[in-house]
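A short write-up of the structure that comes next.
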Amino acid sequence: MEAGSEPKNLVSEEGTAPDNAESKESEKSASKSGSEDGCDDEAGSSHKNLVDSLGHFLKDKLHIGGDKAEKKKKVLPEKSLEAVVKYIEEKKVTKIITMAGAGISTSAGIPDFRSPKTGLYNNLAKYDLPHPHAIFELDFFHKNPKPFFVLAKELFPGSFKPTVSHYFIRMLYDKGILLRHYTQNIDTLERVSGVPGEKIVEAHGTFFTSHCLECELGYDLDWMKEKIFADEIPKCISCGGVVKPDIVFFGENLPSRFFRCVEKDFDECELLIIMGTSLVVQPFASLVDRVGSKIPRLLLNREKAGTANPVMRALGLSGGMDFSSDSNRDVAWLGDCDDGCEALASAFGWADELKGLVAKEHELIEKEESKKGAVKGKI
């Protein structure tokens, strides 16, 4: 899927809305009734999903209906990438879930926009923000959307190329062993790398689509990009309301698709790979506990993350990752995500294939950008 492909019922870059344009809520309803990705909303509400999640957690951690002795058996013979690869090959694993955070996009040059220490926030000083994170608060956005769109211009998709980590996830898909990719990122680089949208769950939303805050008319990526790079506050062509990218602001609910897919996917998961996230933001961080107790979990990160409080673990209510367990279930590879993905690809025997894919795809992106630049120059 190309980064600029246009979802149905969205206003395009040309600024025209289809005759059957639907509201954001209508699109959500349609997606619930028989989604192509298999994440149907059987529960009908995120509330029930949250209750089910709590029940799932307590059942697993209190060993209700389980055998404690069985849980102590080794999941992997050792804590290593090679052991993980051997497990995949011997078990013929075809349902891998990947979870990712900002760490997989660092080498693309995307700045850490959440940190007040970055230069991005210096550009916003003149807007007299009450605090840096106010940019991502809905109440502040309603009052003054300008600071957000100034920041969005620096972060906008299309300005960056996917990383080795993104293309490793793409390879998992190409080889038919990616069940789903869950990401905290809003940069859409997974889509740019070629992972189909139905295989991606953007837990914190995305720039890929946008909606009017008043009438909820949808807009595509190219339309939003045109407005942002013209230094305009995007306004709805139908009602004049402010159009906001579909990223999750503080105080907003996560996309309903997140809860639908979690309910389906994690019961089927055969291997969990966590990449470039500190596992502190909920409910995303708690997903590591949704897989079965005998499912291996591999962390590729600069430091160990998601570990439980020792006191809670002693009470049998640990949750999180346990890298000291004799079961060898949890494996930590510490370093940059790209290096970790290259090491994992090497263990699979895919090193040259991954390197070739990255080079080929980056060349295609550069050619496409060159074409766009040439067209703009002729206008």
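Every residue, even glycine, has its Cβ placed from backbone N, Cα and C.
Features as listed in TrEMBL:
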COMPBIAS  21-30  compositional bias 'Basic and acidic residues'
DOMAIN    74-351  domain 'Deacetylase sirtuin-type'
BINDING   102-106, 112-114, 184-187, 277-278, 301-303, Cys337  NAD(+) binding site
ACT_SITE  His204  active site, proton acceptor
BINDING   Cys212, Cys215, Cys236, Cys239  Zn(2+) binding site
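Once Cβ contacts within 10 Å are tallied over all protein chains shown, the binding-site residues Cys212, Cys236, Cys239 are led by Cys212. Of the candidate recorded positions, His204, Cys212, Cys215, Cys236, Cys239, the one lying closest to Ser105 (NAD(+) binding site) when CA atoms are compared is His204.
Highest Cβ count within 10 Å among the recorded positions His204, Arg302: His204.
Cα distances from Arg302 (NAD(+) binding site) to the binding-site residues Cys212, Cys236, Cys239 are smallest for Cys212. Here Cys212 (Zn(2+) binding site) is compared against the recorded positions Ala102, Asn185, His204, Thr277, and the shortest C-alpha distance is to His204. Close to His204 (active site, proton acceptor), meaning Cα to Cα within 10 A, are none of the binding-site residues out of Ala102, Cys215, Cys236, Cys239, Thr277. For the binding-site residues Ala102, Cys215, the greatest number of Cβ atoms within 10 Å around a candidate Cβ is found at Ala102. On a Cα basis, Cys236 (Zn(2+) binding site) lies 31 Å away from Ala102 (NAD(+) binding site).
Taking the centroid of the Cβ atoms of Cys212, Cys215, Cys236, Cys239 as the Zn(2+) site, the other same-chain residues with Cβ within 8 Å of it are Leu213, Glu214, Glu216, Leu217, Ile237, Ser238, Gly240, Gly241, Val243. Look at Thr277 (NAD(+) binding site): DSSP puts it in coil.
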